[in-house]
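First the structure, in the form of structure tokens, and then the observations on it.
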Protein chains: 2
Amino acid sequence: MAVNFPSIDPAALYPVAGVTLGWAEANIRKPNRKDLLVIQLEEGATVAGVFTLNRFCAAPVTVCREHLDAVRKGGKGIRALVVNTGNANAGTGEPGMAATRATCDELARLTGLDAQQILPFSTGVILEPLPVDRLKAGLPAALANQQPAHWFDAAQTIMTTDTLPKASSRKVQIDGHTVTLSGISKGAGMIKPNMATMLGFLAFDAAVAQPVLDQLAKHVADRSFNCITIDGDTSTNDSFILIASGKSSLPAITSTDSPAYAALRDAVTAVAQELAQLIVRDGEGATKFMTITVEGGKNEAECRQIGYAIGHSPLVKTAFYASDPNLGRILAAIGYAGVTDLDVERIDLYLDDVLVAKAGGRNPEYREEDGQRVMKKSEIAIRVLLGRGDARATIWTCDLSHEYVSINADYRS
Amino acid sequence: MAVNFPSIDPAALYPVAGVTLGWAEANIRKPNRKDLLVIQLEEGATVAGVFTLNRFCAAPVTVCREHLDAVRKGGKGIRALVVNTGNANAGTGEPGMAATRATCDELARLTGLDAQQILPFSTGVILEPLPVDRLKAGLPAALANQQPAHWFDAAQTIMTTDTLPKASSRKVQIDGHTVTLSGISKGAGMIKPNMATMLGFLAFDAAVAQPVLDQLAKHVADRSFNCITIDGDTSTNDSFILIASGKSSLPAITSTDSPAYAALRDAVTAVAQELAQLIVRDGEGATKFMTITVEGGKNEAECRQIGYAIGHSPLVKTAFYASDPNLGRILAAIGYAGVTDLDVERIDLYLDDVLVAKAGGRNPEYREEDGQRVMKKSEIAIRVLLGRGDARATIWTCDLSHEYVSINADYRS
């Protein structure tokens, strides 16, 4: 069902020096599947993260924030990440917090780390107690399984309703030094990240100072995971984590002003965008991949607001599913997006290269067959020109199909 | 497919003195169906309306606002309403405005009224030119067909993707005088009214002064059509019109302070709520009717915001379609609704009488089979207690089914 999802060769995912990954089958929700991942980092790595703004954030999100704060206040660096699928540990109250802390404590005991040096993540069904004993029992196997080359297995381990594992990797040259980047992501439904996607982990071997890495994480999230939507539902567990292992020969990056920072930022953004787009391509029931660009806005926020209104509209999404150029639905979405001083008479709408609406009305030269031709494609660009400024924003989304309803009506069955 | 939709007896829809209705088959979009409605009002009626906040509002909405403003500035009273289905005349720019004005001009010529005394309405596909010549050609038949008893036919005439005509009627005693109320509505998709639903017309025979009627329209819309959502898409054409024909023996209501105003307000609100709920019961593909009540908020706005987040969530709606008590999705929606200072540890969640979540976490006594029992019903109450104030709000919505996707993927075919 996925839309032009690239074939991912496990051998093309580069190990990142200083990072190992190991998985286990812990029977969190279902037997005989990888559902527990431990990522270990050598000493000296820096780690930054952005997390969901959902007020019902999961217990592990709260603990991640605490542990990263402790590092910023001078605590020992993060040395391990532990991720379970099958259970989100969200909406679980105090018992949920206790289960997350118990997980960190157990991994600390097994590795000789402090619990504060561990970041916990969960994804799966909300409002059900985390089977913490099974999780703890799986940790030794995940530790025994640690390998630098396990990125593809790690991507498989964190899947829930995903039909395909999501990973991206590249090497770049910065100031004559090779920097290696690898990342994985997961998510297919409950996707409208508001700081980050459900889960995304991206490591590279350059050394980056903590405050710089914090800024980089925000910069990258805003240009990747925060630009996608599948169903407009912001998850309770969204987490995006950047890991700088520091093993590259490139001198440490300590300022956002350096050319090395700019080069690294662009490489990280490219990998993160690919990971984010893979989530949309594997969106629940997706048959089309749409790139919505809103240009000519007064500011980026209003461009994003309009892009999301289009990307969330069930009517727009079902029309794309049907390849039906019922494009008035896009105008309706622009109109209700909440930009209250919008002058619709300045608005142009393109579908790929076809000018559908001009100055707020139907383009007299628009022919239904031109719209139809574009709608039949599996990758479609929607371009909205607001004509009131220089700002722009891009949102990536997919259509809404019968299959989406089937998947979400049956998810727990 | 409609959910517990009441059987409507055409004979139980009372005529409202001073109001006649007539329909025609004008071939606006498809042949052999009622698609043109003219409502005529005797002299002395007052009329008020609330309209969509969509910036891409349809040409007839713009003209309605103009004509109602003219009345408020001392112009002649509204004497006729003309409604076409099959074409929304939205996203049509200047030619759309000209088509609407031409419609009013032609009806004025045929009736001897001024064009300003006529309110035009359109509903149907957006971004397509209104076939104004066919519309004008149908007007004489709609005028020849005028009858006080044509409320049921009128409800049929304004249907688009509606599967059933929507009407409600009652007689009430106010200060010893009988007041008769009848109304019709339409809409099944693109429903998240933001001032009103797609189309709702409600007439009664009491006399009400213009400023009082304006206030009454807003009061009623906020408690009826502005409390429903099917897919979160606010239409370009939403219009809700109140007509006070003034033929009842009840003395004219000239102040909102009188007991007669309060009695009339409650009767009008009851009819409007029924008309609004009928839209949800006939929601595209609906199999369940959900009443979402959010209580204990700091203000009504935040209660509505949370209610709408739940009511719009595709994940919540598909879970209800499947009768799957995957109720963590409701907590997730509460969490991302945008109430940024929400303390989730105070929140309780009920499904009918079942306490699902308590103090922000799963109620230890909650059993899945209790949730399952409620989820299998066709009418379900979701009750959220915020525990931070005294405000409350209610939203009515339906589930998201395969049939919704089919209807909206095929709408124009």
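From the backbone N, Cα and C atoms, a Cβ is placed for every residue, glycine too.
Taken verbatim from TrEMBL:
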- A:T160, A:K186, A:T197, A:E284, A:N408, A:S413: substrate binding site (BINDING)
- A:T197: active site, nucleophile (ACT_SITE)
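A count of other CB atoms within 10 A of each Cβ picks out A:N408 as the most crowded of the binding-site residues A:T160, A:N408.
Proximity to chain B (Cβ-Cβ distance under 8 Å) holds for the following binding-site residues out of A:K186, A:E284, A:N408: A:N408. A:K186 (substrate binding site) carries a strand DSSP state (E or B).
Taking Cβ-Cβ distances under 8 Å and a sequence gap of 6 or more within the same chain, the neighbours of A:E284 (substrate binding site) are A:T161, A:A188, A:G189, A:I230, A:D231, A:E403, A:Y404, A:I407, A:N408. For the recorded site, A:N408 (substrate binding site), the DSSP three-state label reads helix. DSSP assigns A:E284 (substrate binding site) to coil in the three-state reduction, outside any helix or strand.
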